[in-house]
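Reviewing the structure listed below.
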């Protein structure tokens, strides 16, 4: 009887494995790509165009900046609230642009939508950067007041205070990130809209010069307006080097190469860093600069290739230098709050570095062993597939994708009845009944990637648990590039 029992165990094991593994096709990735871009329409501020696809949203923030005699209409709400925060919006813009730069060739029918999502951001950043000389507007809305209300953006009546950085109150971090965003976007629009591209690049130069000339952190200048929401914990040196790197990539002007060489050592080029986010740009900068060494053998950037290798080695189990934490189900785990933001940025860097390595058959050096570009792609695929539903909970963490996805998303506009369904105003306090309601969100925020599960792969589909259930633009932006890559694979 031993043999049949063994066969039964084996068959059961294979059956379990087949049930556990979810094989996504290029069509699935293309569907997720389309939805990941559609999400940005749910975050729009300003007057919505006639071709708005998420129909439950309406116009909002139509007089932003007016009381300060500047036009700051437009842009994106960062997450589930109604504030326009400049630092995460600029980082979102940079990552959307970088997604198109590296993987736009795989976006096919979605390239137009991706550029539209990018331009919605850059149109706003151009206003913020050019409205007042020697100033950059970095925020609209008082977050402390906004967070005391649960209002859809169309009803918003909290103070729309405007905040800026200037020569007297510097913000090198947010300004250099804005320069990076405008420079990266100028590459995207260079062929399709040369005049717009030129405007983006010239503004990027001006904003970078401003960031470099008037040094200081916007957290020190704006205090409780930006902290603890988007406090610049890493300081501003990483953004200055990141901004210069994008200026170098967009202009190929030798002055930026000189800047990177002269300032890199004081701005983090010698340090290994194992996180990439709206706050900390060091790992992204190293991967970005490694391109010139890998593709052009620019010796000045060999250091960045070495540090990029160290970053990658930290992510690969079994390699020397491995130090990342993964959940039992295989998800990269960095933080209890909005963990998937680190997963999507890391995935993007894995795929981008794999692309750079592939141009000359390069490999990652981890001590005495090497890791191939194919291994990086495989590691990235695990993370993408986990987000899309190949995980112990069998839950897609992208709203509207797959059979099972979060229904109680921490998002004001999505959780409160839409202005189409409920035209009468729902004021500040009356909205909280929808925050605490057990019913699913009435408006599906299609494509939103939320904070995600905990370190044990557990997820509470609870609107009030913002750490796990809140979406954000900067979670989605790098995911756009990753999904484009896999949708292009047959």
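Keep in mind that glycine also has a Cβ here, set from the backbone N, Cα and C atoms.
Feature annotation from TrEMBL assigns signal peptide to 1-25. The active site annotation in TrEMBL covers 410, 461, 470.
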Distance from residue 410 (active site) back to residue 470 (active site), taken between C-alpha atoms, in Å: 5
Site of maximum Cβ density within 10 Å, from active-site residues 461, 470: 470
Spatial separation of residue 410 (active site) from residue 461 (active site) - C-alpha basis, Å: 10
Under 8 Å by Cβ from residue 410 (active site), same chain, sequence gap 6 or more: 80, 450, 463, 464, 465, 466, 469, 470, 471
